[in-house]
């Protein structure tokens, strides 16, 4: 009983299953290329490595936050901690469903006829995908103002305010992820039948939600790039000034190295997927809804790009682990 046994929805059964199954080409389960591109060991290995990496980084962060007197450094560690928690929970939630599917081989239509599990998994993919990009842009903005306008605030951001900002990012990402549940777009089962994500079909609601998700992610990456570039230029210009402030600037350089590393990883891992989503939905617009399922090549590319995104959650914690003076 596996995803290859799930019959493609047709007119006789479309009313009996949720909308999340109506865009999935179940006949792809008989594709001989499936074992190489959709092996369950990908999900299992990525999940275990990512969880261990983020747990290690979280322990290091908690230890460092108790020892550093610098308020600016403390607020930066709060943002980093929020990022690590987000990556850890994202891997834990999504992997628990996807890996369970691969080893149990349950039939989605029978287990989840109302699409509740699929909607939850799709929401998790969007929420835990959007949060790191927004947190990266938030961290870049905080460092930009801290380095370029150090006297515009009487004090640095406190830990409580930093956690409040992290909470706002989580809340905004949650709102974006709930849009398909509220009626804008939909989450559908994706190749090879083990996960759910936004729908890359030329339906009006799907197109709007896909573009919102992709453009918001692209905007976050570009904003991070602008903020970080200006901050790095400023640091390079003043780094060799008076020795009395050398230690503080060493800490700022350390933070910027970590931030630039996070930005580079996010750009490499996320931009291919975000650009692919925009290109796919815009190219299909002339079809005006006549396309009911994605071509198999498009489904495979989407799976490959999602694999790349997973590396973002795995590599993020190692940026802090490897690029810290301690």
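From the backbone N, Cα and C atoms, a Cβ is placed for every residue, glycine too.
According to TrEMBL:
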DOMAIN    53-320  domain 'G-protein coupled receptors family 1 profile'
TRANSMEM  41-64  transmembrane segment
TRANSMEM  76-101  transmembrane segment
TRANSMEM  121-141  transmembrane segment
TRANSMEM  162-185  transmembrane segment
TRANSMEM  205-238  transmembrane segment
TRANSMEM  259-282  transmembrane segment
TRANSMEM  302-323  transmembrane segment
(request) Report, as numbers and ranges, every residue of the chain located at least six residues beyond the transmembrane segment (302-323) whose Cβ falls under 8 Å of a Cβ in that stretch; write 'none' if there are none. (result) 37-38, 42, 46, 49-50, 53-54, 56-58, 60-61, 80, 83-84, 87, 90-91, 128-129, 132, 190-192, 195, 197, 200, 254, 257-258, 261-262, 265-266, 268-270, 272-273, 276, 294
(message) Under 8 Å between C-beta atoms and at least six residues away from its ends: which parts of the chain pack against the transmembrane segment (162-185)?
(response) 74-75, 78-79, 82, 86, 119, 122-124, 126-127, 130-131, 134-135, 138, 142, 198-199, 205-206, 208-210, 212-213, 216
(message) Cβ under 8 Å, sequence separation of at least 6 from the ends of the transmembrane segment (76-101): give me the contacting residues as numbers and ranges.
(response) 3, 40, 43-44, 46-47, 50-51, 54-55, 57-58, 61-62, 64-65, 68, 108, 117, 121, 124-125, 127-129, 131-132, 135-136, 138-139, 142-143, 159, 162-163, 165-166, 169-170, 193-195, 255, 258, 262, 310, 312-313, 316-317, 320
